[in-house]
Structures are given as C-alpha cells and as structure tokens.
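Trainee: Before I ask anything, here is the structure I am working with.
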Amino acid sequence: MAKSNCTQVTEFTLMGFTADPVIHVMLFQVFLLIYLGTILGNLGIIMLIKTSPQLHSPMYYFLGNLAFVDLCFSTVVTPKMLADFVLEEKHVTYAGCIAQVFVFDILGIAECFLLATMAYDRYVAVCHPLVYSIVMSPKLCFRLVFGSYLIGLVNSMSHTMGVLNLSFCGSKVIDLYFCDISLLISLSTSDTTLNRTILITSASLYGISSILLVLSSYIAIFSTVLGIHSAKGKCKAFSTCASHLTVVSIFYGTSFFMYLNPRSENSRAEEKWAVVLYTVVTPVLNPLIYSLRNKEVKEAL
C-alpha cells in the first residue's frame, strides 16, 4: 500500500559544505584552481608520455591511464560542485545522480586496480629486471589496463542496477556535494538489504584484493632491495618506486578513511573533507608527485 501511494523522487538536493555565501566564494576560488591544476597536470602528463620516446615503456603507459582516470574522476564531481557554490538551489536530477554514481564507481575501482598493476610492474622491474621486457609485453600491459576498466564497469553496473530498483519517496537530501552510492541507498524507502550486501561485498572483494597485490609487490621489492649491497643500487631501486608508493599511500589512506571510518553526526564535517581529499585533491597531486619525484619525467619536461 505504501508503494502504491509513493511519489518517486525526480531530483535530489546536495547539501554541500555550508550555507554561508562568503565561504562559498572562497571555496569556489580554491576548488576552481585545484580543478584547473588537475586538468593541466593530467593532460600534461598524458601529452608528455605520448610525445616523449623515452617514456614509451609499461610504467608510463600505466601512468598515462592513471592520469586519464584522475582527470575523469575529478570531472565527474568538481564541475557540479563549483556550479552549486554559485547557485542558490543545489539540485541534481534523478537521472543525473544515477549517471554520476555509475561513472564514479567505474573510475574508483579502475584506479584501485591501475595502482595495483603499477605495483606489479615495479615488482617485475626491481625483482626480475632481466626478463622485464619479456614479462611486461605490450599485450599484457593492454590486458591489465583493459581488465582494470572492465572490473570497474562490472562493479558499477551491479550497484547501478540495484539502485534503479529502489524507491525514493521520503527525504531527497544528500548530505554531501555529489551522489555517493552509500548515501543514496540510505535514502531509499525500499528494502536495501541486497544493495548493502552488494556494496560491502564488492568493496571488500575489489578493495582488499587490490591492496593485497600492492602490499605483496612491495614486500617482495623491499626484500630484494635489502639484498642489494651497493648504496647506489638501493637508491636507484627505491627511486623507481617512490612516486608510486606516495600516490598509493594518499589514495588508499583517504579512501579507507572515507569508507571504513565509523560515521557519526559529530564526525560528518571531518568526513566531508576526507572525501574532498579522495575525490578532488588526489587527482591534482598525482601528476605533481610524478613530475617532481621522477627523474625521467623531469628530463622529458
């Protein structure tokens, strides 16, 4: 009977950060600069890799795809957030919200597995340098990248199809600046047991498997490096991994805080800023880290 009287929500309201217009102006300027830096930095990395012969290697092939994912990842969230800073009504249509969830989930999981793939690439380079060119063949590199996007697509489709079967008849306020799958499920008036099970299962399956691959790769790398007797050899081995390890630490650190931190009303503001690090700041940091810490990228520049 409740379902028959249900009027399906046609749009959602995004709460954002604050209602203070003065703070809106400040945040608009800050996030606009960050977004411009994200566009220029990641497009610059992509173009540099395509035009520099010395960067035509598996490591930079993966880096180019990571830059592409970061660029799209930020674009899914930031333009809408910037528009909401200058608009009085912060609405997003039902279709727009579903589309944002769909693309966001693809890119989030794809980035997880691209970072894991890059860790495996560094493992082969450091631990098995003599067979590196044979193991990391162009065909394998393409399959690893394609597999990352495919896993992201499968994950996103499972969430999106589940959300499309939900009814939204009550509150339409999302206490964030974009449509997050977990918050969207919590607003539904339907039975969300299956949706929550899928969300927890996929997060555990994909998140834990990717981080285990990263950890196992770096454990093997550190074991190999510690066995190198010359200080110059150790420094060279660590330098090939430093940039990627920094990016991994930032990405997984912020994402774990976002999804594993117990939620409460008192920590809601802190959680929003953690989400900003995950969705807005990380994509602009990645090209800076690889530009400043990577010798080959600096030489190409």
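Residue positions begin at 1 at the first shown residue.
Placement of Cβ uses the backbone N, Cα and C atoms for every residue, glycine included.
What TrEMBL shows for this protein is this:
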DOMAIN    41-290  domain 'G-protein coupled receptors family 1 profile'
TRANSMEM  22-48  transmembrane segment
TRANSMEM  60-78  transmembrane segment
TRANSMEM  98-120  transmembrane segment
TRANSMEM  140-158  transmembrane segment
TRANSMEM  205-229  transmembrane segment
TRANSMEM  241-261  transmembrane segment
TRANSMEM  273-292  transmembrane segment
Trainee: Within this structure, do the transmembrane segment (205-229) and the transmembrane segment (60-78) have 3 or more Cβ pairs under 8 angstroms, counting pairs 6 or more apart in sequence?
Mentor: no
Trainee: Cβ under 8 Å to the transmembrane segment (205-229), counting only same-chain residues 6 or more beyond its ends: which ones?
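Mentor: Long-range Cβ neighbours of the transmembrane segment (205-229): 109, 112-113, 115-116, 119-120, 122-123, 126-127, 151, 155, 237-238, 241, 245, 248, 252, 255, 259.
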Trainee: For the domain 'G-protein coupled receptors family 1 profile' (41-290), would you mind checking the mean pLDDT of the predicted model?
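Mentor: A mean pLDDT of 84 is what the model gives the domain 'G-protein coupled receptors family 1 profile' (41-290).
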Trainee: Checking distant contacts: for the transmembrane segment (22-48), what same-chain residues at least six beyond its ends satisfy Cβ-Cβ under 8 A?
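Mentor: Distant contacts of the transmembrane segment (22-48): 55, 63-64, 67-68, 70-71, 74, 78-79, 81-82, 85-86, 280-281, 283-284, 286-288, 290-291, 297, 300-301.
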